[in-house]
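Novice: Just lifted these from TrEMBL, have a look:
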type	residues	note
DOMAIN	222-322	domain 'HTH araC/xylS-type'
Amino acid sequence: MSLPLHGHELFRSTNLDEIRTHMSGVLCPHEVGIRDRDVVLDAQMNSLHLGDIGLNYVHYGASVWVDPGCTKDFIALQIPMSGLSKIRCGTEEIESTPDVMLVSRQDEPLRMELSAGAQLLVTRMSWPFLVDTLSALLGVSAPWPLRFELGMNVRAEPQQAWFQLLVQCYRRASQPTWIPSRRLWGPHFKEQLALGLLRAQPNNYSEILAASPLPASHRVLRQAMAVLDGSPEYSHTECSLARKLAVSARSLDAAFRSYLHTSLPGHLFHVRLRRAFVDLLEAQPGQVTVDQVARRWGFTPEGFRRCYQREFGESPEETLHR
């Protein structure tokens with residue numbers, strides 16, 4: 001069975017200094033040591049950088065302690081696929097298992113002890129990105145520091161649904177058609193990870209985020225639709241459009257759902273699908289292929305054909321050869 005992020009191997013090493021140097025470059029400067037001096041390290045790190053989010057698979061092959069201190073500009077979302085981690089963040093301690101994920105705090109010193117069999121998924125999420133996403137949800141700058149509960153029970157809802165989305169990232173990251181690698185949908189997908197974390201994991205904004213927002217006005221909705229309909233070639237997201245229109249992302253989402261019975265991404269999906277229809281209708285056979293049009297509008301060729309047939313009652317090839 002292949003390891004997570006296969007095809008994205010950063011290093012494999014038995015040298016402690018080399019391991020520390022490589023991992024510090026991806027995560028943050030930290031200290032690491034072997035808990036049993038008679039054991040030889042056999043560490044590996046697979047890593048994929050996606051801008052504000054980094055996906056990492058790590059194992060050391062021995063019981064170690066790791067001391068990153070304060071991570072400052074990111075939080076670590078860390079869970080062992082096997083083994084366990086004893087983690088201290090600030091004055092709080094948890095035991096992280098395959099059922100409990102660490103959700104660290106960027107301003108509190110972090111230290112952990114990992115069992116020899118610990119195989120870790122370590123997601124690095126930019127703190128400024130997360131706070132900006134929160135502010136977009138609120139429609140104002142976050143008035144007080146965001147603070148999550150330290151441990152996430154990934155077997156309970158709604159945390160489980162969010163965790164499964166994250167797991168799919170690791171499973172599909174080596175596929176060339178994976179969503180975050182696609183220009184038009186990648187920013188939306190990464191934003192969904194941040195939005196989902198804010199909504200799923202208890203934090204000091206949870207009560208506010210759980211309250212039902214008032215929908216934005218019809219005027220704002222028309223403005224939003226004009227932007228999406230007029231420039232679907234841009235990588236719009238819920239938060240980017242809310243900032244542009246000076247409303248909260250929650251109220252904008254509520255407007256789409258209340259007045260149009262769809263979501264903003266759902267509306268944009270159909271706008272792009274219609275643009276693909278026009279491109280195929282106006283193209284001459286031989287000038288362009290169906291796959292090229294699909295990728296131009298952010299679709300995989302396979303998914304595009306299914307959605308296209310359902311939307312227009314004909315295959316994209318039939319449209320192209322009219």
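The backbone N, Cα and C atoms fix where each Cβ goes, glycine too.
Curation does not apply to TrEMBL; its annotations are automatic.
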Novice: Which residue counts does DSSP give the domain 'HTH araC/xylS-type' (222-322) for helix, strand and coil?
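Specialist: Counts, helix then strand then coil: 72 helix, 2 strand, 27 coil.
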Novice: Averaged over the domain 'HTH araC/xylS-type' (222-322), what pLDDT does the prediction give?
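Specialist: That region's mean pLDDT is 95.
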